[in-house]
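Below: the structure, in structure tokens.
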Amino acid sequence: GPTIALRQRKKPKSSENKESAKEENIKDTPIPERAPKHVLFQRFAKFFIGCLAAVTSGMMYALYLSAYHERKFWFSNRQELEREITFQGDSAIYYSYYKDMLKAPSFERGVYELTHNNRTVSLKTINAVQQMSLYPELIASVLYQATGGNEIIEPVYFYIGIVFGLQGIYVTALFVTSWLMSGTWLAGMLTVAWFIINRVDTTRIEYSIPLRENWALPYFACQVAALTGYLKSNLNTYAERFCYLLMSASTYTFMMMWEYSHYLLFLQAISLFLLDSFSLEQSDKVHEVYKIYIFSLFLGYLLQFENPALLVSPLLSLVAALMLAKCLQLNVKKGTFVAKMIKVMNFYLVCTLTVTFNIVVKMFVPHKENGHMLKFLEVKFGLNMTKNFTMNWLLCQESLQAPSQDFFLRLTQSSLLPFYVLVLIICFLSMMQVIFRRINGKSVKETVTLKDGQIGGRPEIIYHVIYTILLGSLAMVIEGLKYLWTPYVCMLAAFGVCSPELWMTLFKWLRLRTVHPILLALILSMAVPTIIGFSLWKEFFPRLMTELSELQEFYDPDTVELMTWIKRQAPIAAVFAGSPQLMGAIKLCTGWMVTSLPLYNDDDLLKRNENIYQIYSKRSAEDIYKILTSYKANYLIVEDAICNEVGTMRGCRVKDLLDIANGHVVCEEGDKLAYSKYGRFCHEVKINYSPYVNYFTRVYWNRSYFVYKINTVISFQS
């Protein structure tokens with residue numbers, strides 16, 4: 001009895017001891033203290049001022065673009081026809097479909113007519129929405145009609161206003177990205193300043209408003225800003241969830257807006273793969289981004305009318321290989337020799353699987369998308385030689401050549417390039433230092449402080465370094481890619497000079513002891529951008545104000561007269577033939593059917609362009625007549641600017657390229673003319689003698705254009 005009672009008394013005593021021990025542990029655990037009210041107020045004030053500066057920068061840039069566009073073209077004082085002529089080349093095609101959507105009796109009917117379009121190119125029915133990525137025009141037309149814009153604003157102002165507004169979002173996203181990386185909104189202000197000053201190399205908005213990249217890149221900038229925040233180590237759960245959702249939405253929207261978007265995301269995926277390979281970020285976060293890619297690709301495939309280009313894209317092959325490699329990955333102890341070998345094998349496995357997946361998918365998925373791009377790259381890098389007109393014409397385009405010295409000179413004059421190179425070198429060397437430590441098995445702090453001086457330990461910084469190196473390498477080969485690379489040059493350079501961590505990393509390497517390095521880093525991170533800002537303000541602000549004060553005028557009376565004649569004199573069912581750039585303007589300004597379009601993502605259209613360009617070659621009247629009638633053309637337009645072109649680049653005139661393709665010039669023998677019994681068609685047809693007058697009758701001409709009616713009944717004269 002007593003023994004039992006004793007045991008019963010001991011049990012509750014032991015439980016009481018456990019509870020008391022738990023209470024002691026809870027008491028011993030340090031409770032995070034709340035920041036003082038003045039610290040919270042400072043953080044809120046900093047955040048509020050930064051957000052206000054970011055939004056204000058975007059709005060001011062959008063207003064600046066609108067004012068500059070008005071001054072450049074004297075837009076509000078022009079008639080509708082003269083306004084439409086300012087849209088050149090493929091921009092005219094995009095805007096013409098926006099007009100077609102507004103004229104449609106309903107949205108559904110308008111979409112159907114675009115997806116089954118047989119009123120643009122003769123003898124060809126195209127899905128214009130898929131082939132030309134017309135989702136921006138669909139959205140703009142819906143917004144215009146839903147908001148009652150027809151009672152407030154003209155369609156053209158609503159259209160270009162949306163694009164200018166997106167450019168404001170673009171600038172704001174770059175501002176936020178540099179702010180997230182540096183921790184100060186001063187970096188965002190410097191990013192915007194450099195972006196606007198170097199706008200000749202950061203954007204093509206001034207020359208071609210409706211370009212797909214002008215619609216798409218703002219969403220990509222938002223995606224990059226969200227990804228930058230998502231990769232940060234000290235992010236709370238709610239901020240991480242917000243960044244993830246924003247990244248998902250912007251990735252999908254970017255993919256829908258631009259046909260070449262998946263190539264840009266492919267470079268981003270490579271950067272994230274390298275980031276993950278060197279264990280510079282949690283693998284879970286990186287693989288969540290891969291899932292976003294997969295979701296966006298397949299949803300885009302379904303909503304883009306089962307677009308095969310997305311299935312055969314290198315992005316899908318890479319992400320599939322990465323996901324499979326993760327499933328096969330072994331858990332081994334970090335720092336061991338086996339772990340290092342596994343890393344090397346994993347890298348090799350991903351590369352092999354990516355190529356294998358891409359080859360297998362292309363075997364089963366019928367596709368013709370961008371086949372000419374591979375041929376172009378072969379010729380570009382000297383792997384192949386060709387006399388093909390289209391390939392040589394593409395090689396002669398300024399945007400597809402290597403950057404000129406003027407490009408680097410402009411970036412240097414604005415002080416952007418020197419600071420970018422400095423920041424890139426410091427970040428790259430710090431990154432290599434951190435990677436070397438990880439390879440050797442040394443522990444690296446998860447949270448890097450200012451005192452550590454290890455800017456290369458932050459994953460979001462390293463992602464941007466890898467990405468800008470990849471994109472910059474391509475921009476050094478193809479100048480057109482500078483519009484993708486230069487904005488990130490602005491952002492990375494601004495982040496670096498405003499970041500105390502970067503200066504602290506440099507001082508730690510230099511082993512600075514005379515002055516307290518942390519204090520000096522803080523001072524320089526404020527002083528250097530301030531000095532740069534004042535110097536930019538003094539030198540470039542007067543130039544910007546001068547541009548806005550100068551009233552320019554877009555004057556092209558010959559094209560206006562041509563379009564007016566077509567609308568008044570040509571039959572509604574007429575089909576016009578001529579250069580693709582002029583055909584785009586005719587489609588927009590008159591609505592008449594054409595034989596070709598200034599689009600270079602379709603093999604059939606490329607072949608049509610080459611055939612129609614034969615009017616500037618040394619071919620017989622009969623050959624040209626057969627080509628034109630095969631496309632049911634009724635009128636031919638010869639442009640004096642192409643026929644009598646005096647090109648600045650040797651061998652890049654249209655007629656020179658045609659002579660090479662047709663064998664009328666032997667390049668290997670010093671450009672000697674080979675025998676051709678026919679003169680250049682565009683010259684001979686103007687003389688009005690047989691046999692040219694048998695096939696063609698001149699019906700209109702001015703200083704720039706000669707219009708010929710293609711005879712249906714041929715009467716041969718001796």
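Numbers run from 1 along the shown chain.
Glycine residues also receive a Cβ, built from the backbone N, Cα and C atoms like all the rest.
No curator has checked TrEMBL annotations; they are predicted automatically.
Per TrEMBL, compositional bias 'Basic and acidic residues' is recorded for 13-29.
Per TrEMBL, the feature region 'Disordered' maps to 1-29.
Away from its own ends, the transmembrane segment (47-68) comes close to residues 160-161, 164-165, 167-172, 175-176, 179, 185, 188-189, 192, 196, 205-206, 544, 547-548 of its chain (Cβ-Cβ under 8 Å, at least six residues beyond either end). Annotated transmembrane segment per TrEMBL: 47-68 (among others), in sequence order.
Here TrEMBL flags 179-197 (among others) as transmembrane segment.
Among the features that TrEMBL reports, transmembrane segment is placed at 242-258 (among others).
Residues or ranges marked as transmembrane segment by TrEMBL: 311-332 (among others).
Summarising the annotation, TrEMBL assigns transmembrane segment to 344-365 (among others).
TrEMBL lists 417-436 (among others) with the feature transmembrane segment.
The feature transmembrane segment is assigned by TrEMBL to 461-478 (among others).
The transmembrane segment annotation in TrEMBL covers 484-506 (among others). Tertiary proximity for the transmembrane segment (484-506) is limited to same-chain residues at least six positions away from its ends with a CB under 8 Å from its CB atoms, namely 170, 174, 177-178, 181-184, 186-188, 190-191, 194-195, 198, 201-203, 213, 217, 221, 264, 411, 416-417, 419-420, 422-424, 426-427, 430, 448, 450-451, 453-456, 458, 464-465, 467-468, 471-472, 474-475, 517-518, 520-522, 524-526, 528-529, 532.
Sequence-remote contacts of a segment are chain residues at least 6 beyond its ends whose Cβ falls under 8 Å from one of its Cβ atoms, and for the transmembrane segment (518-537) they are 182, 184, 186-187, 189-190, 193-194, 197, 414-415, 419, 450-451, 494, 497-504, 507, 512. The transmembrane segment annotation in TrEMBL covers 518-537 (among others).
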(message) So if I exclude everything within five residues of the ends of the transmembrane segment (311-332), which remaining residues of that chain have a CB under 8 angstroms from its CBs? That is, six or more out.
(response) 262-263, 265-266, 269-270, 273, 283, 287, 290, 293-294, 297, 301, 338-339, 342, 346, 349-358, 361-362, 365, 367, 369
